[in-house]
Structures are given as C-alpha cells and as structure tokens.
Amino acid sequence: MKLKIGITCYPSVGGSGVVGTELGKQLAERGHEIHFITSGLPFRLNKVYPNIYFHEVTVNQYSVFQYPPYDLALASKMAEVAQRENLDILHVHYAIPHAICAYLAKQMIGERIKIVTTLHGTDITVLGSDPSLNNLIRFGIEQSDVVTAVSHSLINETHELVKPNKDIQTVYNFIDERVYFKRDMTQLKKEYGISESEKILIHISNFRKVKRVQDVVQAFAKIVTEVDAKLLLVGDGPEFCTILQLVKNLHIEDRVLFLGKQDNVAELLAMSDLMLLLSEKESFGLVLLEAMACGVPCIGTRVGGIPEVIQHGDTGYLCEVGDTTGVADQAIQLLKDEELHRNMGERARESVYEQFRSEKIVSQYETIYYDVLRDDKNGKI
C-alpha cells in the first residue's frame, strides 16, 4: 500500500533537515506520496522529484504578535495540507515545535491522522534542560503515536531529562550510498592546491561552541609537526572568527583552508584522509557516516551517539572531550601507517553498509508507518 506522508523538518543544512529530506526522497522513490510542509524549500530538494510536493509555511507579521507566529502558521498549514491531501501520517522532526504543531493540526481537522516524531538531539539535550519547556516537550512526545530517536544515547537522555511516559524506538540516521562513496579526487586536490603527498583532514560543522572546533585546530597544529597535511574546515557559524584568529595565532594559515558552507560535501569527503568530530555533545554525528561511506576513518569524542557510529580501533578512534594530544597521537599513528589507514577506511565503509545503509533504515521507517496505521482488530491497513 502506498502512503501519503507529510514531512516537517527544518529546511537547513543541519542533520535533522538532511535526514528528513533524504527520507522523503527515498520514500518517494518507493512510490509513496510525500508532502514537505516547511518554512522554506529543503536545500536537498534541488530538482524536480516525482511523488514529492512542497507546501511553504508563510509566516506573516501582525502588530498583535510581538514575534512572527511560526508555530501557529505551521500548525494551520499542516491541518490544511493533511485535510486536502488526505494524508495518512505526519512525520515531524523535532519534538518542539514540530510535534506540538502536528498535535494542534490533528485536533483542528478531527481526523485519525497518525503522528510520528523523530528526536534528533537539540530538542532534548538543549531544550529539554530548560524547565520552562520541559513539560511541553514531554507533552509533544506523549501525544505522538510513535516516537523514534537517532541513537540509544538520545533515548537515555530523553528519559533522564524529560521523563516521558512513552516508548521510544532507535532508528539510526542513514546516507545515500549513491552520493557518498570512495572515488579518485586527484583533480579536485589539484584545484585546491593540495599536493599528492599531503594528507587531508576535514571537519564539517555549524561552528557553534558545542562543536569545539578549537580542539580540531589545536589537534591539527600538533599533527602537522609530524605529518605533511592540510585541514579543510567546512561550515560557518558563531565561532568562525574565533577559529580564524586561532589559526593565525598558531601560525598554520598556510595549512588550513576555510571553505565556508558547502551544500554538497561528498567530493570533499572522498578527497579526505581523516575526519575529526570533537564535539562536547553529539546525538549522532551524521557527518561521520558520510565520511565513513567514502572510506574515510574518523576520530570522534566519546559522547552521545558517536560511540554507536565509530567502533574504536576498527572504523576509527574515540577520545575524551578536550584531549587534543590524544587526538593528535591517534591521527599521526593512522596517517603514518598506510596499511592501517587503508584497512580502517575499508572497515568504515563496510560498517556503513551493514548498519546505516539507506535501504535498511528507510525500510525500518516504512514498517513503523504500516504498523501505526494497522487496525488492531482485523490486522488490515
């Protein structure tokens, strides 16, 4: 049975927006009718896709409201689209505001549409720590028909911080193997002025404090004393200027390339030798999957969902938050040992295929959809 599914996510380059959009694209390929209900066109919807429809949430400014009422506009648009298109499911990414908006939409139309909510991290680890929002998050979770989270770690944090009376299933993030794969990037290296002998380290993030980009730079400054290497810093955000100054202070400007925001990073990853993700909080770490699919070993911090992605000593290394010396030592060992690097990169690719391939994860979501729609009495959808 083909389903009609509404998907709401942030249309930006963050992990939740990427996963929500890629999930919709994969479901559409399977013949389901997908309706994106978002404040802007998701950046991964960069062409016309069969079975995919976009409904923009327009937020008007009224003098009676101190701030533009995004939540109300979204709930209204959800109800409108769900009723007109006869949607079976609203799949929302983030407990607040999206699960709350879905609940309001369901109450407005009075129909038996099902709500699936996926927790991604910030909605729990940051917002869940705010006492003024805690009850609201719990309500959004408990009013959803099914709740998933992107890691076991996030489920544990949800129960610890929010304490919902709700079962939560782990459904890992995934990547499209047709986009992220190992390939020869010799020409691209030349275009960036990187020689064949130089190793390439890469970090991709939104440059917020929680990502600890300064640790990436500090570790790299130690690494280049032993290894001829370049560091690609991909992204932008509040800490960008601070990191720029740090690079200057460490006198490694000629070793670091600031590439800014990049919508499509697959080629940059395929060109790289090592990924560094040294966050102090990370519910999953989608960029790790993207790198591993390209045969790139990763070094990550032992926090949140990262240990569920990186198998220490097998597909990469884990370190403690702030241990830049440990990161540097592991990186130097790996980059100097060609056989170790090659074997670890291959095992990283195999791990992605075994645990995080799109076919497997999208099928898990399909099963969730069918189960939640199944009639308890006669077993029919």
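Cβ atoms here come from the backbone N, Cα and C positions, even for glycine.
The candidate list THR122, THR125 contains one residue that Swiss-Prot assigns to the (S)-malate site with SER16, TYR94, namely THR122. The CA atom of GLU290 (UDP binding site) is located 20 Å away from the CA atom of THR122 ((S)-malate binding site). All chains included, 15 other C-beta atoms sit within 10 angstroms of the C-beta of GLN262 (UDP binding site). Taken residue by residue with DSSP, SER16 ((S)-malate binding site) is part of a helix.
In the three-state DSSP scheme, THR122 ((S)-malate binding site) is classed as helix.
Under the three-state DSSP scheme, GLU290 (UDP binding site) falls in the helix class. Cα to Cα, SER16 ((S)-malate binding site) and ASN206 (UDP binding site) are separated by 13 Å. Compute the center of the Cβ atoms of SER16, TYR94, THR122, which mark the site for (S)-malate; besides them, the chain residues with Cβ within 8 Å of that center are TYR10, GLY14, GLY15, HIS93, LEU119, HIS120, GLY121, ASP123.
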